[in-house]
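Peer 1: Quick paste from Swiss-Prot:
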- G47, E48, S49, R106, I135, R136: L-glutamine binding site (BINDING)
- C79: active site, nucleophile (ACT_SITE)
- H171: active site, charge relay system (ACT_SITE)
- E173: active site, charge relay system (ACT_SITE)
Amino acid sequence: MRVGVLAIQGSVREHIEKLKLIDGVEAVLAKDKNTLLSLDALIIPGGESTAIGKMIVDFGLKDAILKLNERKIPIWGTCAGMILMAKYIVNDDKVHLGIMDISVKRNAYGSQLDSFKTKLIIPAVSNNEIEAVFIRAPYIENVGNGVRILAKHQGKIVAAQQDNLLATSFHPELTDDLSFYKYFLRLNS
């Protein structure tokens with residue numbers, strides 16, 4: 001299975017390293033339209049959502065990502081990637097991809113200094129607790145019909161799925177746990 005990580009900015013290397021640990025996965029740096037369109041799944045990493053969103057347009061990648069979604073190819077956004085996928089961003093008129101029926105609040109957990117780790121119980125993903133790293137993290141304020149809430153932290157939605165789309169506020173690539181990767185890859189079957 002060819003799994004790409006949108007290689008514009010952010011935690012690209014960390015996602016690639018995790019994907020390399022999973023049997024049957026070819027980890028691909030996705031930097032251009034042709035590479036994107038050849039993928040079986042795509043991860044949009046954390047980083048700076050405004051910068052990544054601008055570069056997606058400037059590099060001509062937006063249409064390719066939208067085509068992947070039309071083809072129901074699994075797409076997973078972590079942190080900034082979740083913001084890019086959201087149909088609505090609280091207090092911001094700018095929508096980047098707008099492919100997932102969620103409303104996201106940017107930097108909802110505060111500044112870099114407010115970053116934290118916690119353990120989450122997410123039965124759909126793992127029978128074990130999952131370590132979650134939140135860095136200037138957003139959360140999901142509202143979900144539309146057809147969006148499944150996978151996890152909450154302190155009453156706030158931090159992981160959700162809508163058909164082929166997966167979004168997490170936190171960074172699984174910064175832990176040793178591959179549970180979320182394996183869950184994501186099952187969306188392809």
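Heads up, the Cβ atoms here are built off N, Cα and C, so glycines get one too.
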Peer 1: Whole number in angstrom, please: the longest C-alpha to C-alpha distance across G47, E48, S49, R106, I135, R136 for L-glutamine.
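Peer 2: Max span of the L-glutamine binding residues, Cα based, is 13 Å.
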Peer 1: Counting only residues 6+ apart in the same chain, whose Cβ is under 8 Å from the Cβ of S49 (L-glutamine binding site)?
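Peer 2: Those within reach of S49 (L-glutamine binding site), by Cβ under 8 Å and sequence separation of 6 or more, are A80, G81, I83, L84, H96, R106.
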Peer 1: Give the number of CB atoms, excluding that of G47 (L-glutamine binding site) itself, located within 10 Å of its CB.
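Peer 2: Taking all protein chains shown, G47 (L-glutamine binding site) has 20 Cβ neighbours within 10 Å.
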Peer 1: Should any of the active-site residues C79, H171, E173 have a Cα within 10 Å of the Cα of E48 (L-glutamine binding site), which are they?
Peer 2: C79
Peer 1: Report the residues of the chain - excluding G47, E48, S49, R106, I135, R136 - with C-beta within 8 Å of the mean position of the site's C-beta atoms, for the recorded L-glutamine site, in sequence order.
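Peer 2: Everything else in range on the chain: G10, G46, C79, A80, I83, N107, P138.
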